[in-house]
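Q: The structure under discussion is supplied below as structure tokens; questions concerning it will follow.
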Amino acid sequence: METIFAQSSSFGKAGVAVFRVSGTKSLEVLKLLTGKSNFKPRFMYYQKLTSPESNDLIDNAMVVYFKAPNSFTGEDVVEIHTHGSKAISIMLTNALLNIPGVRLAEAGEFTKRAFLNNKFDLTAAEGIADLINAETIMQHKQAIRQAGGALEELYNSWRSQLLRIISLLEAYIDFPDEDIPESVLKDVTNTHKTLINTISEYLNDNRKGELLRSGLKLAIIGPPNAGKSSLLNFLMRRDIAIVSNIAGTTRDIIEGHLDIGGYPIILQDTAGIRGESNDVIEQEGIKRAIDSAKKADIKIVMFDAETLDSAVNEDITGLIDENTIVIINKIDLIPENRIFNIENKYRCLKVSIKNNIALPSILKNIEEIAENMAGFTETPYITNERHRHHLKQALVYLKDFNLDNDLVLATEDIRMTMRRIGAITGIIDVEEILGEIFKNFCIGK
């Protein structure tokens, strides 16, 4: 393989910039840049870096050499830590590009090489990508568990059970004259049933892992002037939505990203829902608001306390489900003990966005719903549609398995099940999917 390099840190001004080189020429590259020939693996050296072509000084840097296979990629690897200057990064990049047999790495190529050198499986590689992209504590927790091999361990345990079934069936096929106990087939049947139940239950997870990975969508809906935009601004801790007393001010969906209790929340402020608007643009905004609410994972339905009874309609209440928070806003403008009809049907939070009354209860309720929808369990979740696709296919083959049929055909169903699970971890030949997975990494990883 060619020797590759990339800047692993962000390009721009910083205290330190990190370059990574991987491949058979890594040590040669280090010698050319430093003029030094003796580098002990895993020791950091302070060295002057110069251009091999012009001999111009690039920087005073810290360098370290990792000898294969004891490196991230499993190849000879060199790391170069320079000052975080754009000029230095450009000069070092040009110097490396001018060394024969050395090229710039593609996105995710270092991690791809690590996978190909059996440093980890595909699920761990995807976990590393998720770890890099994690923005909240819960996303980090999920990603680091996956990067640590939790999914690999789970899928390999299923694969081992399938392999055992195959070995038992092939014993029957290859040695028909041998006295093989009937309990063997009973063992096969029990393991088969257990796997069907286990994988079926695992797939029936309400996509918790994928929700945590991508973020839970929260739509704020309700009639005009209920305080939806004010709530969005409060949750975002800045003004991103225009607030006015004019009905129909918000016409398109306004989106913001938030971390609540470690869960990634994608907030969507929508147009006020009312039935009497003659404004074509506002009507389109209302349609989008309803569509957004139907697709949302969590909903906040917000009413103005002064106009609540007249504002309640089926377009709004029809969107309320178990993951909906009903909020009555502007309670500072009504008698303290007033009870609304809607409270007889739904649990409501009474707040005042303007006067900061009971606002922490909104955050608490959002966090509780998010935890219920994407909270952690001991068993790692499916985090990727790719995994789900292969598991569904595996389950089809598993359900097709029937010992009453020809044993060779039955064994093939188990073999295909095992291949589908192997496609998730990369145990089988999966060259066609590697590019799709690793292209989502940043350059230098």
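Please read every residue number as a count from 1 along the shown chain.
Each Cβ is built from the backbone N, Cα and C atoms, and glycine gets one as well.
Below, the features straight out of Swiss-Prot:
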- Arg20, Glu79, Lys119, Lys445: (6S)-5-formyl-5,6,7,8-tetrahydrofolate binding site (BINDING)
- 215-371: domain 'TrmE-type G' (DOMAIN)
- 225-230, 244-250, 269-272: GTP binding site (BINDING)
- Asn225, Ser244, Ile246, Thr249: K(+) binding site (BINDING)
- Ser229, Thr250: Mg(2+) binding site (BINDING)
Q: Using Cα coordinates, what distance in whole Å links Ala271 (GTP binding site) and Arg20 ((6S)-5-formyl-5,6,7,8-tetrahydrofolate binding site)?
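A: Spelling it out, the Cα of Ala271 (GTP binding site) and the Cα of Arg20 ((6S)-5-formyl-5,6,7,8-tetrahydrofolate binding site) are 49 Å apart.
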Q: Counting across all protein chains present, how many other Cβ atoms fall within 10 Å of the Cβ of Glu79 ((6S)-5-formyl-5,6,7,8-tetrahydrofolate binding site)?
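A: By my count, 21.
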Q: Could you check which of these binding-site residues, Arg20, Glu79, Lys119, sit within 10 Å of Asn225 (GTP binding site), going Cα to Cα?
A: none
Q: In sequence order, which same-chain residues at least six apart have a C-beta under 8 angstroms from Lys119 ((6S)-5-formyl-5,6,7,8-tetrahydrofolate binding site)?
A: Phe72, Thr73, Gly74
Q: Distance check, please: Cα of Lys228 (GTP binding site) against Cα of Glu79 ((6S)-5-formyl-5,6,7,8-tetrahydrofolate binding site), rounded to an integer number of angstrom.
A: 51
Q: Distance check, please: Cα of Ser229 (Mg(2+) binding site) against Cα of Arg20 ((6S)-5-formyl-5,6,7,8-tetrahydrofolate binding site), rounded to an integer number of angstrom.
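A: Each residue's Cα considered, Ser229 (Mg(2+) binding site) and Arg20 ((6S)-5-formyl-5,6,7,8-tetrahydrofolate binding site) end up 46 Å apart.
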Q: Do you know which of the binding-site residues Arg20, Lys228 has the most other C-beta atoms within 10 angstroms of its C-beta?
A: Lys228
Q: Report, as a single number, how many Cβ atoms besides its own are within 10 Å of the Cβ of Ser229 (Mg(2+) binding site).
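A: So the number of other Cβ atoms within 10 Å of Ser229 (Mg(2+) binding site) is 23.
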